[in-house]
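K.L.:
Right, I'll just put the structure down here and ask away after.
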Amino acid sequence: MFTGISYSSPTLCSAMVNLVPAFTFIFALISRMENLNLKQQCCQAKVVGTVISIAGAFIVTLYKGTPLNFSLKVVFGGNETYLAVQSNWIIGGLLLATASLCISVLLIVQTSVVKEYPEELVITSICCSMVVILSAIVALFAEGNPKAWILTSHKEFIAVFYSAIFVVSMRSVVCTWGCRKKGPVYVAMFNPLGMVIALGMGVIFLGENLYLGSVIGAGTIGIGFYSVMWAHAEDDKVGNENKENRDLVTSSSAPLLSTKSIHV
């Protein structure tokens with residue numbers, strides 16, 4: 001994902017992460033975590049919303065359009081170097097789409113594990129420990145310069161600290177808890193919220209140009225997101241109504257008084 005950001009931009013990253021709900025929905029169908037009945041309106045909305053989300057992601061990736069200039073900009077030291085890097089929009093989009101696919105698989109696996117072992121903190125601790133070990137091994141071979149491990153500015157320290165505490169630890173615990181309570185598709189539906197935040201912060205803090213393609217694609221993804229979210233809410237409503245009906249039938253069929261033999 002970080003390589004994809006370096007080739008493109010944080011805005012494109014947040015837009016491509018919106019593919020996570022679509023991928024998660026597909027994998028949930030394959031793994032029987034979600035049911036699909038095209039005769040139901042909510043299931044139709046899920047399919048249509050998934051297709052619209054994927055189409056919006058392709059719009060953001062393949063069509064940049066004209067830049068929309070804003071006068072609002074907060075300049076920090078070093079931003080010019082970041083913005084001077086030549087971006088490769090398509091390669092970055094493909095890398096970010098692959099990262100979204102991996103996140104979807106992770107949500108499916110997390111749901112399967114947390115259903116059998118409902119201990120979010122333990123699961124997150126094990127996952128983070130494995131990530132540290134694997135990342136350290138890869139980094140030792142990929143980065144041969146020892147000075148690259150030294151944090152040279154307070155911004156680098158803040159970024160590392162924030163990523164470790166909030167992005168990795170707290171987010172993993174909350175996502176695992178959400179997978180146990182509501183399932184992987186429900187958790188994945190909240191990924192598009194990062195798109196709105198990244199659009200604003202990219203323009204304000206990084207001086208990033210906001211392109212017409214990003215706006216059109218983001219709007220398309222948002223439509224697909226809310227379609228799937230509405231369908232999921234309707235599905236939960238139908239499930240609750242069916243459960244209440246079953247409970248009502250069970251209670252009405254039960255005898256009012258239990259017959260017991262009394263021995264004197």
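Cβ coordinates come from backbone N, Cα and C, glycine included.
So TrEMBL says this about it:
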TRANSMEM  12-31  transmembrane segment
TRANSMEM  43-63  transmembrane segment
TRANSMEM  89-109  transmembrane segment
DOMAIN    91-228  domain 'EamA'
TRANSMEM  121-142  transmembrane segment
TRANSMEM  157-178  transmembrane segment
TRANSMEM  185-205  transmembrane segment
TRANSMEM  211-233  transmembrane segment
K.L.:
Between the transmembrane segment (211-233) and the stretches 43-63, 89-109, 121-142, work out which stretch tops the count of Cβ pairs under 8 Å.
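P.N.:
That would be 43-63.
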K.L.:
Flag the pair the transmembrane segment (12-31) / the transmembrane segment (89-109) as in contact if three or more Cβ pairs fall under 8 Å (sequence separation 6 or more).
P.N.:
yes
K.L.:
Any idea what the model's mean pLDDT is for the domain 'EamA' (91-228)?
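P.N.:
Its mean pLDDT is 82.
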K.L.:
What same-chain residues lie close to the transmembrane segment (43-63): Cβ under 8 Å, and 6 or more beyond its ends?
P.N.:
12, 15-16, 18-19, 21-22, 25-26, 34-37, 89-90, 93-94, 97, 213-214, 216-232, 234-235
